[in-house]
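Enquirer: Positions annotated as domain 'Malic enzyme N-terminal' by TrEMBL: 168-349. Positions annotated as active site, proton donor by TrEMBL: 191. The feature (S)-malate binding site is assigned by TrEMBL to 244, 499, 543. Marked as active site, proton acceptor by TrEMBL: 262. Per TrEMBL, the feature divalent metal cation binding site maps to 334, 335, 358. If you look up TrEMBL, you'll see 359-612 marked as domain 'Malic enzyme NAD-binding'.
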């Protein structure tokens, strides 16, 4: 996680926290946490974190209530599962008697249990469904086939999005079955780019709440609001304040589409049980004048709260989450503006299990793509020069992780590896002479160079081998920029990452055409294959969905209590390793999404292994085969028999 002084995302490796022991008793208190002294080779920053961790774990032990030992848990030990956090990846007992006995009609309207026409004859008798359904009984596979046929009839992507959300609200398992079996076709529907349009029109298409809305009106009552959510064993929260939704800007309360979409992917791609996921939008107002005047806008009609009022609301929220759901609940920050994103990550990174997808998830997936691309270009990471257009949370996050990986590979100090990375913001090349006016997160990237205003001139001067766009400004990789890259690179690596598609720095067709078919191209939003001079080019999509579901699963199965930079590097390396020789022969630098569940399991295993190595895991002992264990924990959307 990015620190305020720019030294690293966070320097939070914990030393001296030993693996904890438990005593097997029929009725037991929370296991005692044994803490060794901090070793002498720990850095000063690490020592502070270790002390903080000791206090945190001590507080957890002292304040936790007496609990029953969970005899079904595959992994035991560590900090006690007081809040049921470790059951987030485990399937739950399904006996919907309260619904079916009271009224079969209610059962058909409960998305957690409804199977539609797939209810068997026996189930229709035992759960009072006779007459409430047509006589035909169909299996889940036929339901999936019918729904895909229906979805393909829609010409407008937003219509498909609405249809998918309707399905999720009436039949949860069928929704995930459909998404998992058609992930490459449906991912752009439930996620980028369609989710951007859905957020813009969220007030008009809003039907029923899919998460929690916490506004300034709830200040002082956030814990009560959290308790209103029907599911109690929450392990993953995706939260946004809607200020920087994709490349679309401030959408206020209507940013809820982002947490909803992200958590759908946590389940479909990462196997986290849906009931363990909670989407949250923090509504502090909006500065979007169009929304403030929109009669259908569903949020607070006021300008954004700033300063102390904002900080106090977020602090209450973070405290309430830990109080209600425990130490091991993963809080993923999503689409916060730069001025808040870095500060929130730095502030809560050492006290909560937090992750910023825009800073860290984007960084991890882009680093994986670059490492993979080197198999086509040749050479090492340190032999490349990087130029970024855009120095916000995505750009600086990617840059920092590249520098960290470079430092890991070469042993060179981080300050030296950063010198291989240059950035252009709205005022031009970031150079040392601008230091006094730069925001803190841009300062590590200010190098000695004369000022350069235009991107194309920066390309000519720096001569980068890798050009990365994270500006949120479309059409900024012009023909001249791409052609210039191609003049001194046999295979220029060009990543146009901004979302949605309209904000992409250039299209796949432009990249391949302007580089005479020599570019290695990846984008944030998907592009169709491009035919150029008789050859078909299939571009990569640097989609965060490759990373965050597997990362989250790895944190859950290990019971991790903090996110460490090395976990992000492990995730990148695991993803890059999933690209096969067959993929490379097609010009692909990312594996196909059709294998995403397997990919997520491998990423989860690497992340979990790193958590155990760093002493940040609490589910002990460590499973012998983490890949197999991760796969066994994954949620299955197949129907279950109701007796």
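Cβ atoms are placed via backbone N, Cα and C, with glycine included.
Any TrEMBL annotation is an automated prediction that lacks curation.
The structure displayed is predicted, hence computed values, not measured ones.
Just tell me what is around each of these and how deep it sits.
Expert: Cβ environment of residue 191 (active site, proton donor): 261, 262, 264, 265, 543, 545 lie under 8 Å away, each six or more residues apart in the same chain.
Cβ contacts within 10 Å of residue 262 (active site, proton acceptor), excluding its own Cβ and spanning all protein chains shown: 28.
Within 10 Å of the C-beta of residue 358 (divalent metal cation binding site) we count 24 further C-beta atoms, all protein chains included.
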Enquirer: Sequence gap of 6 or more, Cβ distance under 8 Å: name the residues on the same chain that satisfy this around residue 335 (divalent metal cation binding site), in order along the sequence.
Expert: 240, 241, 242, 243, 244, 245, 246, 255, 258, 358
Enquirer: Tell me the Cα distance separating residue 499 ((S)-malate binding site) from residue 334 (divalent metal cation binding site), rounded to the nearest angstrom.
Expert: 14
Enquirer: In the same chain, which residues outside the set 334, 335, 358 have their CB within 8 A of the centroid of the CB atoms that define the divalent metal cation site?
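Expert: My list of surrounding residues reads 240, 244, 245, 258, 333, 336, 341, 356, 357.
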Enquirer: When neighbour density is defined as the number of other C-beta atoms within 10 angstroms of a residue's C-beta, which of the binding-site residues 499, 543 has the lowest density?
Expert: 499
